[in-house]
Amino acid sequence: MMMGEGSVGALVPSVKAESRTTSATTATETALAIVSAEATTTRMVELGGEIDKDLLCPICMQIIKDAFLTVCGHSFCYMCIITHLNNKNDCPCCAHFLTSSQLFPNFLLNKLLKKTSARQIAKTASPIEHLRQALHQGYDASVKELDSLLSLLAEKKRKKEQEEAESNMLVLLDFLHCLRKQKVDELNEIQNDLQYIKEDINSVERHRMELYRTRERYSLKLRMHLDEPPASKGWPSSTDKQSSGLMSSARSLQGGIGSGNFQKKKADIKASISSQGLQRKEAFSGSESQSVIQSGLAVARKKRIHTQFNDLQEYYLQKRRNLASQGHKQEERDMNTIKREGYHAGLEDFQSVLTTFTRYSRLRVIAELRHGDLFHSANIVSSIEFDRDDEFFATAGVSRRIKVFEFSSVVNEPADAHCPIVEMSTRSKLSCLSWNKYTKNQIASSDYEGIVTVWDVTTRQSVMEYEEHEKRAWSVDFSRTEPSMLVSGSDDCKVKVWCTKQEASVLNIDMKANICCVKYNPGSSFHVAVGSADHTIHYYDLRNTSAPLHVFSGHRKAVSYVKFLSNNELASASTDSTLRLWDVKENLPVRTFRGHANEKNFVGLSVNSEYIACGSETNEVFVYHKAISKPATSHEFGSPDMDDTDDGAGSYFISAVCWKSNSPTMLTANSQGTIKVLVLAA
């Protein structure tokens with residue numbers, strides 16, 4: 001091998017430029033000839049003619065175009081046979097030796113083909129085509145005949161234009177009818193909505209007047225109590241006046257002592273009257289200040305309504321329309337509700353949402369603590385959970401420790417006194433915790449080695465260790481209805497169900513993607529929701545795991561958390577920066593929540609009956625009302641211990657959140673190891 005060849009490397013073989021040009025020209029001409037022949041054949045077939053096989057080229061199987069005859073007596077398209085002879089020197093029909101010099105034009109066949117084509121066209125040609133051909137062939141028509149023909153054509157043209165205009169009008173009319181129907185449907189819907197609103201306004205006004213009258217009655221009673229002297233026993237009678245007069249005159253005869261007592265009593269009465277007046281003034285001034293505060297809160301709540309007006313409007317109309325679309329039995333049930341409370345069920349549901357949504361506007365910090373060493377990098381809190389009675393809460397994370405704190409101490413004692421009352425060490429980093437809701441001292445954990453452990457918090461020892469998972473276990477959850485059962489999910493694409501009374505798993509579900517989260521339905525020990533890296537949520541009945549009851553699709557990335565708000569409502573979080581609410585009873589998507597940022601980390605998810613809380617990779621906690629798709633409020637974690645210019649300050653994210661049961665209070669933690677107790681406030 002030459003050095004030049006080695007440096008360049010192997011080249012793709014290519015033909016010479018001249019031969020390539022010739023071949024390209026020939027190929028182009030052949031292609032054009034074939035296309036022309038196909039067009040002719042198609043034309044004759046469309047005209048209803050039967051094509052004789054003898055008129056077809058044996059090579060392209062189309063009507064022969066520019067026929068040439070070989071010495072062996074076969075006819076071909078000129079371009080077809082020339083192309084063939086460039087590759088082989090034989091006849092395509094009989095394999096006789098053949099060269100391009102042995103080809104001769106077949107004039108007779110060409111003439112025959114032209115006549116055949118013209119005859120086929122003439123058979124099916126329209127009168128217009130016949131007229132055009134006659135005029136082209138020099139037909140001599142008189143002026144009168146041409147005028148008559150022009151008049152006929154003009155009349156025909158006007159008729160066609162009229163028909164075309166009518167057709168266009170029909171199309172336009174059809175469009176307008178469809179548009180009218182659509183707008184009428186919209187108008188009917190708006191009228192129905194207006195009727196709902198009118199009914200609800202009347203109901204609310206009636207209810208408001210009842211509340212106003214009740215308030216006035218209470219105010220009147222309050223004024224009467226304030227006006228009445230405490231020792232008053234009614235107006236004295238005339239006999240009492242006379243006896244009191246005699247007694248006073250008798251006392252006056254005894255000297256100045258009686259007079260002094262009388263003056264003293266008079267002063268006491270004046271003091272009593274003035275003190276009652278002062279109490280009355282204080283009562284009224286207190287009510288006035290309270291009304292000012294109430295009016296200020298009302299203004300703030302109205303502002304929150306206008307901020308999320310579109311979402312609230314959609315929720316209200318959805319509730320009212322769903323109520324109207326239900327059956328007669330439901331209407332009777334609703335009539336009983338109206339008679340009893342003055343509200344439709346839909347309005348009552350909406351009022352509950354409106355009340356809870358507008359009640360809070362911010363998150364207030366009531367306590368804060370550090371989870372680990374300030375200068376230690378492994379401070380991420382992966383999971384934070386309250387115990388059964390909300391008396392204690394536990395934290396776990398990459399520090400390989402489970403720490404249990406007393407909630408009241410964290411809230412009430414100074415920040416420097418926050419120490420865990422229990423601390424348990426583990427072999428691996430922890431990913432998730434779950435308290436047993438029946439056995440107060442029992443808690444389960446999952447770790448990065450795939451081990452699921454059940455701990456006794458009292459003895460600080462592990463009760464059971466399950467090591468069947470082959471990869472990192474991301475999630476574990478105790479059943480609320482069957483306290484001895486728990487479920488876990490892992491990167492090994494397996495969901496395992498365990499019993500604290502057995503040393504091995506009692507059930508195994510193999511899936512196709514990594515498992516990121518698992519959760520028992522709070523009302524059932526058989527139903528489990530599983531979120532995975534395939535962007536879906538599988539909802540299983542553990543009594544038959546051959547196929548899920550339903551697969552909820554909608555997220556665009558991995559599903560990192562699943563939590564139940566109720567037996568039928570399931571919330572999910574994903575690294576597509578959305579939360580979603582699902583109805584597991586009807587197998588339907590309900591709502592999508594957007595506002596936080598989550599593209600790669602586990603940022604936490606927690607729910608209660610009304611609110612959904614999650615973290616964000618912007619180091620913020622977001623709270624959503626389950627009926628509104630936009631955040632109700634948020635709180636940003638600061639970094640007081642770090643300089644704002646530090647490059648690492650912006651890399652922190654919320655890593656865990658947990659609501660306190662039936663309370664506006666929550667626990668939140670971030671990747672820096674800071675834990676805050678937040679409460680929803682007005």
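Our numbering is plain: 1 for the first residue shown, then up by one each step along the chain.
In case you wondered, yes, glycine gets a Cβ from its N, Cα and C as well.
For reference, TrEMBL has these:
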type	residues	note
DOMAIN	57-94	domain 'RING-type'
COILED	143-207	coiled coil
REGION	227-261	region 'Disordered'
COMPBIAS	235-252	compositional bias 'Polar residues'
REPEAT	466-498	repeat 'WD'
REPEAT	552-592	repeat 'WD'
Same chain, outside the repeat 'WD' (466-498) by at least 6, Cβ under 8 Å from its Cβ: which residues?
431-439, 444-454, 504-520, 522-525, 528, 530, 532, 540, 542
Intrachain neighbours beyond the repeat 'WD' (552-592), with Cβ under 8 angstroms and 6 or more residues off its ends:
514, 516-524, 527, 529-537, 539, 598-609, 612, 614, 624, 626-627, 629
Can you give the mean pLDDT for the repeat 'WD' (552-592), rounded to a whole number?
95
Number of helical, extended and coil residues in the repeat 'WD' (552-592), per DSSP:
0 helix, 25 strand, 16 coil
Per DSSP, what is the residue count of the domain 'RING-type' (57-94) in each of helix, strand and coil?
10 helix, 9 strand, 19 coil
